[in-house]
Amino acid sequence: MMHLRLFCILLAAVSGAEGWGYYGCDEELVGPLYARSLGASSYYSLLTAPRFARLHGISGWSPRIGDPNPWLQIDLMKKHRIRAVATQGSFNSWDWVTRYMLLYGDRVDSWTPFYQRGHNSTFFGNVNESAVVRHDLHFHFTARYIRIVPLAWNPRGKIGLRLGLYGCPYKADILYFDGDDAISYRFPRGVSRSLWDVFAFSFKTEEKDGLLLHAEGAQGDYVTLELEGAHLLLHMSLGSSPIQPRPGHTTVSAGGVLNDQHWHYVRVDRFGRDVNFTLDGYVQRFILNGDFERLNLDTEMFIGGLVGAARKNLAYRHNFRGCIENVIFNRVNIADLAVRRHSRITFEGKVAFRCLDPVPHPINFGGPHNFVQVPGFPRRGRLAVSFRFRTWDLTGLLLFSRLGDGLGHVELTLSEGQVNVSIAQSGRKKLQFAAGYRLNDGFWHEVNFVAQENHAVISIDDVEGAEVRVSYPLLIRTGTSYFFGGCPKPASRWDCHSNQTAFHGCMELLKVDGQLVNLTLVEGRRLGFYAEVLFDTCGITDRCSPNMCEHDGRCYQSWDDFICYCELTGYKGETCHTPLYKESCEAYRLSGKTSGNFTIDPDGSGPLKPFVVYCDIRENRAWTVVRHDRLWTTRVTGSSMERPFLGAIQYWNASWEEVSALANASQHCEQWIEFSCYNSRLLNTAGGYPYSFWIGRNEEQHFYWGGSQPGIQRCACGLDRSCVDPALYCNCDADQPQWRTDKGLLTFVDHLPVTQVVIGDTNRSTSEAQFFLRPLRCYGDRNSWNTISFHTGAALRFPPIRANHSLDVSFYFRTSAPSGVFLENMGGPYCQWRRPYVRVELNTSRDVVFAFDVGNGDENLTVHSDDFEFNDDEWHLVRAEINVKQARLRVDHRPWVLRPMPLQTYIWMEYDQPLYVGSAELKRRPFVGCLRAMRLNGVTLNLEGRANASEGTSPNCTGHCAHPRLPCFHGGRCVERYSYYTCDCDLTAFDGPYCNHDIGGFFEPGTWMRYNLQSALRSAAREFSHMLSRPVPGYEPGYIPGYDTPGYVPGYHGPGYRLPDYPRPGRPVPGYRGPVYNVTGEEVSFSFSTSSAPAVLLYVSSFVRDYMAVLIKDDGTLQLRYQLGTSPYVYQLTTRPVTDGQPHSINITRVYRNLFIQVDYFPLTEQKFSLLVDSQLDSPKALYLGRVMETGVIDPEIQRYNTPGFSGCLSGVRFNNVAPLKTHFRTPRPMTAELAEALRVQGELSESNCGAMPRLVSEVPPELDPWYLPPDFPYYHDEGWVAILLGFLVAFLLLGLVGMLVLFYLQNHRYKGSYHTNEPKAAHEYHPGSKPPLPTSGPAQVPTPTAAPNQAPASAPAPAPTPAPAPGPRDQNLPQILEESRSE
């Protein structure tokens, strides 16, 4: 990124060089001109004269009616750089031009057509008389004269034009070379050492070959620009070195038919190895070969040819003949130095400073009925005609002439690239012969034809020995007219009858009967006649440069079109864009193929080529097998970490990028790798960097081996602790003098395929290693299921579409909405008020529309359905394509709707706005529904990765999982598929299509099962310690398993129940890398049925004294026992016996000191542990079912109920994320060593569902529910409006009752309490010696508190409180209010 910024800054700096500064070059050029600088072919009246043809003028230019070739011409008085052109119709009229052609030149008798991108010479004009339409040209040309040729205008009016040109003055320093001269430029410091360079100049010539520029250095650096076959070649090298493996030479070609005597603009920008090569506005970007970044040039640079001793090095190259203008090298104008004869310039020969080549006067034949008729000298006995022509067409009429005295006619035609001569005379056999070969190559060819009595001669290009002479009895009398390029219509009027089509191309130097035709007189209609031609210009251009045919398709062109031949490319279509082969073996399987070799194209229409693979097609999947050159064991010795062995893997018929595209598009890939060693280590080193490793996709190094997982530097034996040395993680790391092997499958898709194997520890005398790699095997297509749902007015934004000349879009949609935009991308304006765009939308429920503007105005294709509507909530496939030849649209299997593109079309697909998926720009016309498998030019958009629920989108298509026909029971996860859904039961204790099949086992007396938790947890921690996306324990508020899954059916808690907001154990926390088990909580659920007691149903032991147990007591009741820390906890689960042989269910969840319990359909109860009880079940060890066979100290209460063991059925057992019965009955045999160690069963254990019935579509009625309790524990479940009304009624009655009680309480207790008054006593009562008064009332007695049910009663009553002191004298006369005691 830093290099890119520097490159842009340097380009901006060097672009300010003299003659190449574009900044501020936007002056209006027509307005300041004098009236004499504006001319025209004719004008309609004085008020429509050319001098009024200025923007925003009071009138405008209009030619006279009947002008066959109208034009408006501007003389800028000196050379200018033109960057934009603008047009306007005539003021206050119906006159405007809708299409026109732009010609430019340095002289009034030599014109060059300006071609837009796509070699289109036609500009869009106006749609009314007032609006100004401006075109910013894709490259800036230089000229003094500008000519506008109207091609179409308003049919309700006539031609009307006001013109504006934008640019700036231009200083031209011209060098003319005649093929024998050249100049050299000596560098200021004798050498040039540069990280960046800019070469820029203009040239014109009529020669096909010539050296334009050359410089070289002593270290092998050089840069050369030359013409070869009228193509411009750039040769560049930044040097080569014997120790560098890659050569530095790079050659790039640009353009075609550059010998057309038109100015061509060349620019080369280099920064390091990054190069931009520009020719006439077309930019090629490439990276130079080699490893160096500086260009080291010695002494001098040569222009136009070589000087002195330098000719010996490039003696086979021709010097340039023509004109070169403004040669710029790193802000130095070498042409200016040459004009000023600077001392650093050396001349070879006589270099002129103006163009001396004769100015050609060609005729451009470009119409369907074009021709030029010139008079001849009649009744001569010798017919002599010569001319020069150039064309791309295979056929065309070159010349037709009627012989005098009715003797017949002479016809020269172009057929299959050669000139055919036909002389027809009455009464004689027609004379026919041909000359030349491949004359339709776009170059000038000269034809000389002479016919006289009894013989005819034709020669092509004056090649000696190439003329064709024919002797035949002929009688020649010249006629009065010669028709070049075609016959006029109607032919009978002109007496020109030919079955050949009109010629399209250029002609010049026409000679009739030895006289050169004055084309100036012909143009002014003072000699002969013409139609649909342009004088003084040749509009030939190379439509195959750049090549519009993709994937190495061959381009063949005509005058106004091109054709692509796609044989042997693996593609088809108008531009070889559509893939011929399917993208995977899975696609061949779905089409009914059987196993065999097939050609696949994983990236579709993308740049990667198709290749051959072997398809192992089976009933349910198709394996794609890609073989390579390392299928046999490779022996390695003598390598070290400093100089390792690099074992590159060359896949058959495919490059690394192509195989990577296959893996990237596959659902699953695997590749077996095996390393055998003898005193050779593999991964373990002291510094951490391995001795050996493998390299995968994108040249990334990977330090894990087969059978292991990414991110951990281990082999397969390091995961299950089965390595030779337990302290190491690979067998080979033991470094023993005997053969060891580490092997296994590599299955992480994003790392495959293996491209190199690096071996680095075989340099000891006894060391040796061998490695072996099996073919890459893949199946599935993960791109086809990349699905998203749009719920509201939402849209996804992606980077703009990057398409050169073609675009194809395909996707599936499903909706019930009547309309919506699937995708839209807008671009910057290609002219003043037009913006390119592409849009695919559901316009109505029966119409899918593909709308676009790629430079030719608004277009759209529509697929209409008469038999059904597209918003039927079913999947429909949409495919839309557009290229320079045509646009087409298809929905499902309906026929393609086609729209041919106009000839000479450029597909303007330069988009600078984000690509909107799900709506139009600014979220207009949003789509509501599902989209999947959206591809643009072979690249699949990651729709799921952009889904955001807060913005109205979600991954997958929620049509099935939101309203499933059958939900996923017991916390199973609903997985959306193409036209169905599946249930993922991996994290449940059940299986079946809907996670509704109970998995249980019948325990005989003495049968027990142990599941080693610590072993399983250690294995899980090892396997997923470096994978963040794998669920690992954590916390989430208010969570019950499965409640976050669409279609979840509650289990024992009842519908809609959620636990309080406590942290839930076992929930994933992003980035958590600790132990897999959370000791602060458990989740236990299971079902059982039995008729015997006592028994231990479930027991969890630990490495300390902590445990958890669910047991059946002697009386048949259920009890839960916990030992957390030092304080035991006992809770009686039921008070009734459960040994009735009926199924019973238990669900226990502990979070810290909060315990939630539910048995059968009893209400959920919540218990809280005392603060004296620990909140952690420390160091869990094993899970026992049926009987406890634990070594060490066991709680005596557990021992009491442990004999003789459980006899009955247990099912659906789940402890956190462990389901031991499911693991035992559903794990394929043989088990892995680790799982076999963790799981142990003693006695007879047979599978049984314990009498459970699978879930049905609706809730099972109580009378049929096997889990239903006896009648003394009724359970009511009301639904519908009756339940709602009943609830409202009950609530109203309860509220009324509560209100009455409140009113009664307030009324009864409003005046409750005692109001005590101490009256004044008699005087004698205060006399000394009198008896003290008795207290009127004693202190209030505090009632003894009642003991709680679980608390022991107090041993003795609390002592009475001390009486309050008697009131003082001052308070004896005050009233005292004593509140009523609580006992009242």
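Placement of Cβ uses the backbone N, Cα and C atoms for every residue, glycine included.
As the structure is a computational prediction, the values presented were derived from the model and not from experiment.
C957 is paired in Swiss-Prot with C930, the candidate among C930, C974, C983 named as its disulfide partner. Matching Swiss-Prot disulfide entries to the candidates C496, C506, C576, C585 identifies the partner of C538 as C506. Listed in Swiss-Prot as the disulfide partner of C576, from the options C555, C566, is C566.
As annotated in Swiss-Prot, motif 'SH3-binding' covers the listed stretch 1328-1369 rather than the other ranges in 1034-1075, 1328-1369. Residues of the domain 'Laminin G-like 3' (813-956) grouped by DSSP class, helix first, strand second and coil last, total 9 helix, 66 strand, 69 coil. The 10 Å shell around the Cβ of C564 (disulfide bond) contains 25 further Cβ atoms across the protein chains shown. DSSP assigns C1250 (disulfide bond) to coil, not to a helix or a strand. Distance between Cα atoms for C549 (disulfide bond) and C974 (disulfide bond): 47 Å, as a whole number. Cβ neighbour counts within 10 Å, taken over all protein chains shown, single out C985 as the most crowded of the disulfide-bonded residues C930, C985. Straight-line distance linking the Cα atoms of C538 (disulfide bond) and C1209 (disulfide bond), rounded to a whole number, equals 96 Å.
Of all the disulfide-bonded residues given, namely C25, C961, C985, C995, those whose Cα is no farther than the 10 Å limit from the Cα of C968 (disulfide bond) are C961, C985, C995. For the pair C983 (disulfide bond) and C974 (disulfide bond), the C-alpha distance works out to 5 angstrom. Counting only residues at least six positions away in the same chain, the Cβ atoms of P362, I363, N364, F365, F389, R390, T391, C538, G539, I540 sit under 8 Å from the Cβ of C506 (disulfide bond).
The disulfide-bonded residues C355, C566, C968 differ in how many other CB atoms lie within 10 Å of their CB, and the one with the most is C968. In this structure the C-alpha atoms belonging to C1209 (disulfide bond) and C564 (disulfide bond) are separated by 75 Å.
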